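**Student:** Pasting the relevant annotations from TrEMBL:
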type     : residues : note
DOMAIN   : 145-217  : domain 'Cation-transporting P-type ATPase N-terminal'
TRANSMEM : 200-219  : transmembrane segment
TRANSMEM : 225-245  : transmembrane segment
TRANSMEM : 382-404  : transmembrane segment
TRANSMEM : 424-453  : transmembrane segment
TRANSMEM : 846-868  : transmembrane segment
TRANSMEM : 874-892  : transmembrane segment
TRANSMEM : 913-934  : transmembrane segment
TRANSMEM : 954-976  : transmembrane segment
């Protein structure tokens, strides 16, 4: 190569690098601007951050009604909060002040309730409003007047053991109401059409079209004079119809998903058997079974239960839980069961409850906007401002050139109707440039993509409660998962048992008979007594007469084992009286019950985590059925048995008892002096597909950590089987983890793959440190009430749909309906698809914007006319905003997406590769269209009076086909974006 050419080439490359450097600087400024004005956290954004980006959008919005349709109204939300506070204050007055008023109201005349003919004809003996007021006002005096809870049950024709008759449902709903509160009707299709017509640019174009039609008719006559104006109006109607249809379809999808979120089921006794029904089918008189984590579905009266604590903060604002008993039997709808269990009889439903009245007054304030929606609102604002400048300049250039040419030919004092038509068309073209340039479809495309993903995930057993979760899950770098029910099947059976210093496999009838032959009858009776008395599971009769066991999988497995083993051992194990029950507690990791025996003695039974129960024991039942001291040697042997069970991937539980002299209902279960009876080894197999799912996570750059309350050896065995615990990772116990200092945690946390014997607080601490110290995007699973803080703290909280409590589900962002770990990976897959699809759409739309703006502006400056007319630009806008979004934003995920690392916090949404693609594609299109514009007639040998129209038509078609190729290019490869 000659020296001169080499120097020229070097200078050209230097200029290119400088320009690229300038472009990179502008990109960094753009990112900084978006970060400072359009950044909101994925969960719980502050009101200040939400208001900041709304103000930053300013007036560059064509249609506020449509663009902010999926964004909450902050002022209305504040009004709703004020309504809730006011209602809580009224409820507090009703509950506390009213109680004092009732005590001193003997001489005050009370409101009289009449029994109408309909009520008496239906066989009921109490007025619906009177029944509702007894519970809502905590009116003990009125309750006693009606014969207490027993009297109320008779007056509403219900029985504690039998419940109501299902045949009475319609009658009860007619008299006492349905368990629904008044909701606003859904929006019709025509309301979305009206929203689409609120676009200020379309309104201006309609005015221009009418002016064009009027002037055209005056100057060119019918029908030629109508072509331009009618063409614009028809294009606007087409755009409005397609836009409204797309928005209406989205609203139906969100409505369907919203209905799924509201589906809550509760256990009731009806027709003498236990069944699971929707809370919306609940009626007055139903006998409802409440357990820890349940949301109370209706107002009711306590029948009986154990240690029932109710959290009334959502209704009354009081943070202290309320202890409910037969002395204080009132339970209100909307409250939550914090501890214990109970049966209650429903006394009021729907709009007769305080909760129903409160919910009906609140507006549907909308869901918090997602980070992508906000960021793309920022991008749309920036491009909109640029488009506004280009549109104004285009109109000015066209107008000035027209005036100059007119002044040089006929003079500025002679005006014709055609001149007015020309200026109107210029103005319409400028306004249409704004239509195309302001990419209102960007933030709405996120909504479309999320709605599509949420619908597909619903079919795949994942219910997304919050829009942002679906988006954020694609960036998850860590998943902290439970073991039981998520990695395992949750179908538990007792596989081995250690009793009377003997270890036996109990998976067959023969082995059970062998156990009967080697263990004393008195020891087996004690074992069965501990199983049947100290359990939260129960045997219930189903509709077909068959018996089934209800309860947690662990409790069901042990009770089922006890029923099989029971045989002839029923002397005293079923004749005890329960005095006090302490339900299972994830902090203590045990449950206990105090019973009185037929002989008059009292006995505590305790069951729970093996190591914890073993520490509480001083004695152990030997082979002769006697209690002998638990020496260090025996203790070491028993620990060896526990570890042997755990290493075989069995969940271990110990059962122990203690005789006590004094009975005190308020006493807490002892922490020492117990006698060890048995150790259960419970098998819970790993779910099929979990190992492959974990492998997929690793290839996708997602770290899976198991956090469980089980024995560390059980956890390690399961983690190795799943592929979670590797040679480079460590397993740690909760007590050891929480004893570490922050600096020690910083060094330790990256290596942790298994955390066993953990408390809910340990899970919360791990999640908090992963997010704070390491800036990870963290997803966490949970099912219990105590998991709510960790679910709330995580970027994505995943609650279990089967094993999860209502409290956990309410705190979660996604509900995994089948409790399967593979479903969680599917959520991550769709999250990545949403992110990548939106990137594709942004790349496509920015390319179209740049080309449309530049080609019209350059043509206006050089030729004095715009090759793309208002009708053509409206058509392009429809392709961009609606059809382009449908094509790109709804693309399903593929395996390639899970072969690269997740997008980390703070990474640019519009990547350098995307900018390269946008600039390259725009340059290519501008060259093609420029050649046609300035040399098309000569190149294609087009002559005649209509040559200009032919060339403009060719330019428009070429422009459209360029967008089609650009669209297919955006949709083809993920790697083109990164």
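Backbone N, Cα and C atoms are what each Cβ position is placed from, and that goes for glycine too.
Bear in mind that the values here come from a model prediction, so they are computed numbers and not experimental data.
I'm curious about the neighbourhood of these features; can you describe it?
**Tutor:** Regional average pLDDT for the domain 'Cation-transporting P-type ATPase N-terminal' (145-217) in the model is 85.
Within its own chain, the transmembrane segment (225-245) has Cβ neighbours under 8 Å at 66, 189, 192-193, 195-197, 202, 205-206, 208-219, 421, 425, 428, 869-871, 874-875, 877-878, 881-883, counting only residues six or more beyond its boundaries.
Note on the transmembrane segment (382-404): residues 30, 33, 60-61, 412, 419, 422-423, 426-427, 429-431, 433-434, 436-439, 846, 849, 853, 856-857, 860-861, 864-866 of its chain, located 6 or more positions outside it, place their CB under 8 angstroms from a CB of the stretch.
Beyond the transmembrane segment (874-892), the same-chain residues lying 6 or more positions past its ends with a Cβ under 8 Å from any Cβ of the stretch are 205, 232, 235-236, 238-239, 242-243, 246, 432, 435-436, 439-441, 444-446, 448-449, 452, 456, 833, 837-838, 840-841, 844-845, 848, 852, 868, 959-960, 963, 967, 970-971.
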**Student:** What residues in the same chain, six or more past the boundaries of the transmembrane segment (424-453), come closer than 8 Å to it by Cβ-Cβ distance?
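**Tutor:** Apart from its flanks, the transmembrane segment (424-453) reaches 60-63, 66-67, 70, 199, 201-202, 204-205, 208-209, 211-212, 215, 228, 232, 246, 250, 253-254, 257, 370, 372-374, 376-377, 379-380, 383-384, 386-388, 390-392, 394-395, 398-399, 402, 464, 467, 470-471, 830-831, 833-834, 837-838, 841-842, 845-846, 848-849, 852-853, 856, 866, 868-870, 873-874, 876-877, 880-882, 884-886, 888-890.
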**Student:** By Cβ distance under 8 Å, which residues at least 6 away from the ends of the transmembrane segment (846-868) in the same chain are close to it?
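**Tutor:** Same-chain residues near the transmembrane segment (846-868) but 6 or more away: 383, 386-387, 390, 393-394, 397-398, 401-402, 405, 426, 429, 433, 436-437, 439, 876, 880, 917-918, 921-922, 925-926, 929-930, 933-934, 951-952, 955-956, 959, 962-963, 966.
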**Student:** Mind checking how the domain 'Cation-transporting P-type ATPase N-terminal' (145-217) divides into helix, strand and coil residues in DSSP?
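**Tutor:** Across the domain 'Cation-transporting P-type ATPase N-terminal' (145-217), the residues distribute as 46 helix, 3 strand, 24 coil.
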